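*Asks:* Take this structure, written in structure tokens, and hold onto it; I'll ask about it next.
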Amino acid sequence: MVNTWIIAILRLSAPILLCAVGSLFCDRAGVTNISLEGTMLLAAFMGVFGSYYSGSWIIGILCAVAAGVLASLFFALITLKFGGAELVVGFTMNVLLDGLTVFMLRSIFKVSGSLVSEKVIGVPSFTIPGLTKIPVIGGFVTDLNILVVLAFISVFLAHFIFKRTHLGLKVLSSGENPQAAATVGINVYGIRLLALVITGVLCGLAGAQLSLGYLSMFTEGMTAGRGFIALVAVMFARGSSMRVLLVTLLFGAAEMMSNYLQLFQYSSYLILMIPYLCVILLTLLQLILEQQGKKKRMISAREKTA
Amino acid sequence: MDKCVQMIGITKRFGDVTANSQVNFTCSPGHIHGLIGENGAGKTTLMKILYGMYTPDEGEIHINGEPVKLTSPKTAIKYGIGMVHQHFTLVPSLSVVQNIILGRPPKKTGDVIDMKAAAQQVIQMSEAYNLKVDPYAIVDDLPVGIRQRVEILKALYLGADILILDEPTAILTPQEINQLFLTLTELKNKGKSIILITHKLAEMMSVTDDITILCNGIVTGHLQTEKTNEEEIARMMVGKDTKLTVTKQDNPTGQVKLKVENLNYYNKFGVKMLNDVSFEVKAGEIVGIAGVQGNGQTELIDVISGFERDYEGTVVINDAVFSPSNGVAQRRRQGLSHIPEDRQTRGAALDASLLQNYTMSNFEGEGEKKKYFINWGKQKKRAERCLNDFKVKFDKVEIPAYSLSGGNLQKSIVAREMEMGPKVLIAAQPSRGVDIGATIFIHERLLDRRGEGTAILLVSYELSEIMSLSDRILVMYNGRIIGETTPKESTEEDIGLLMAGLHNSKGEVQ
């Protein structure tokens, strides 16, 4: 039982995690990119598209990543290059890309709602043999796929980049004090562009996980707010990659629970609210904790100087 | 070859405004070179050109005799130029080490930073130049004086031989200023060249070797510090003879206009910031509050003006008693005006126009009924007259407030606050970051108001300002008024002791 839960949580958190790590780069570099939702949706569609026509899930993933990067570059073109307002462009892109995927679904595949086809080859899952029966540990090695593994690698990689590398410092300084970065010769524009491309790649992978990871199908609006949940996870985390991981897993768990509870007689709409309710409760909790922490810090700082 | 910096015929225009016009500037190696001028004289622009942040429209730059094109800070750094900006360019959430090495960290393999080596280098440098810092402290937790050290270390780390400091003393306490000057002298002795931008004459005289004076974008003098005096520099700065202080006549005082009784106030962290504060200010009197910043002055102003309502005690303005439930608007209607400490955040709405800023408080004009609609035509004429009276330099009243220089903006706020003919005026740091000309102008206006019978509460961290304007001086320490004196009875040193919480020898304090 525990193992099935863990498998479900990993599977459900993977797209949010990929998306959140991507968003983390943007956020740290000082770009407010809320177009993750639309970007991920486009990538999910293009993943199915690539897989359908090539018969290869690898091509599918590559198509998804390409779509993610293209969407990010479009965002970069309008905001970084021409100075468009980030929130406006981000919001518009979400609506635009939602419509675009629906349009393409109907004009290319002549279906509405969902595309389910044998021609869509999903990403194969694998199991590390011998460990599956062990409680807890088994859950972490069963029914994995390359994208889930990449998701968890990406978050640790991001942690390492921000803590230990010059690139990480450049991204952090470009976001927090672009002037400081510029005056020591860092190309803030270039760093932000790079951050957006990284976001595009990771959102692409997230989209691929949604449409090719376990389902092998595309449904209109299938991201269902995951892009925004990823944004929220990043805001909670205040720049810490490890907290992004924690919050994302929590969302995964909430989603798993709502899936699980649907088996019983509860209203499914009510249950689908659970992950979002979690967001609001977490926000409150964080506010309370932060205020207390700040109060303590200020008082101790005052005592030290007095 | 004996000059490390030569800037020849530099001209820089921003639209119609010429910030620098045919400026020649040279700096000798191992010297501290002062660049002085009023606000908006073009000092910072000139130095930003030297640091590659602006490209000049005309002119050339030679570094150590070699002609160079400085197109970005990166190239300037390559030629050994470093700059400590007025607004620090540090990343608050990063550590001291991370900030210092940001531009060029020591690396292990690939892009991975060698943090140990980095910290080692920072510690070595901080010892070599006697600039003490905790390498692992987070910058956000550090006081400004230490942050400035981090900035200097950062420039030195990047290999600066020519170090530009833009108004470094503006945000420092007197002790920190002394420390900074010791550091600068130390750096000079180690062979660094330093360019110090300031508009404060006294510090210019005390630490520099050479001085260049800018006035309205034009160089009006190159001097050697030891061969000149403050008056000569001041004359070149403003282009005419100016007296440096205002003269104050005795003034008859009238009824009590502002009275506070037993004010107690705890801030939101439960720290007691005002401790049983009582005093009164009479019509035609200037009462100065002296004290080191952070001893309750800000809280006192906020409580009297009605910004902070969570206090105990009474405030009486023009015979009306105010309880904590009465807000800012009620108090202002009773004749209270307030020149706020911080013109950027409280004094003015920076994105709004001068006209809108003026109208914020002078809407209920004299001789008119209280209205719900604004007559912009009338209002515009009124604003223009008011701002012109206060010699604010502006094209038209529709320009946004942020486009004014600091001194001009301050004058516009003073103008607005004096317009209503206040009974009680709180002047908090009225000359903060303002050049000599504007300071004297503002001081004269305050004395005019005093002559007309306004009760003025002056709060300032500059003791000289308190001494030259006040009729009575109250010294604040740790939320309490710990002494009262007058400029005639006490010297700056006496008051300085009180400000530090030490009672003076005359036993005048309780």
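Glycine too: its Cβ is placed from the backbone N, Cα and C atoms.
What TrEMBL records for this protein is below:
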- A:6-26: transmembrane segment (TRANSMEM)
- A:33-52: transmembrane segment (TRANSMEM)
- A:58-80: transmembrane segment (TRANSMEM)
- A:87-109: transmembrane segment (TRANSMEM)
- A:144-162: transmembrane segment (TRANSMEM)
- A:193-215: transmembrane segment (TRANSMEM)
- A:221-237: transmembrane segment (TRANSMEM)
- A:244-263: transmembrane segment (TRANSMEM)
- A:269-289: transmembrane segment (TRANSMEM)
*Asks:* What stretch, picked from A:33-52, A:58-80, A:87-109, A:221-237, has the most CB pairs under 8 A with the transmembrane segment (A:193-215)?
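*Replies:* The listed stretch sharing the most Cβ pairs with the transmembrane segment (A:193-215) is A:58-80.
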*Asks:* I'd like to know if the transmembrane segment (A:33-52) touches the transmembrane segment (A:87-109) in this structure, counting it as a touch only when three or more C-beta pairs sit under 8 Å and are separated by 6 or more positions.
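*Replies:* Touching, yes - the transmembrane segment (A:87-109) and the transmembrane segment (A:33-52) meet the threshold of 3 or more Cβ pairs under 8 Å.
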*Asks:* Ranking A:6-26, A:58-80, A:144-162, A:221-237, A:269-289 by Cβ pairs under 8 Å to the transmembrane segment (A:244-263), which is first?
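*Replies:* It is A:6-26, which has the most Cβ pairs under 8 Å.
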*Asks:* With CB pairs under 8 Å as the measure, which of the listed stretches A:6-26, A:58-80, A:221-237, A:269-289 comes out on top against the transmembrane segment (A:144-162)?
*Replies:* A:6-26
*Asks:* State the non-local partners of the transmembrane segment (A:221-237) in its own chain: residues 6+ outside its ends, Cβ under 8 Å from one of its Cβ atoms.
*Replies:* 15-17, 19-20, 22-24, 27, 34-41, 44, 94, 98, 203, 206-207, 210-211, 243-244, 246-248, 251, 275-276, 279, 282-283, 286
*Asks:* So what's near the transmembrane segment (A:6-26) in sequence-distant terms, Cβ-Cβ under 8 Å and 6+ beyond its ends?
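*Replies:* Hits for the transmembrane segment (A:6-26): 32-33, 36, 40, 136, 139-140, 142-144, 147-148, 150-152, 154-155, 158, 171, 195-196, 198-203, 205-207, 209-210, 213-214, 226-227, 229-231, 233-234, 237, 239, 241, 244-245, 247-249, 251-253, 255-256, 259-260.
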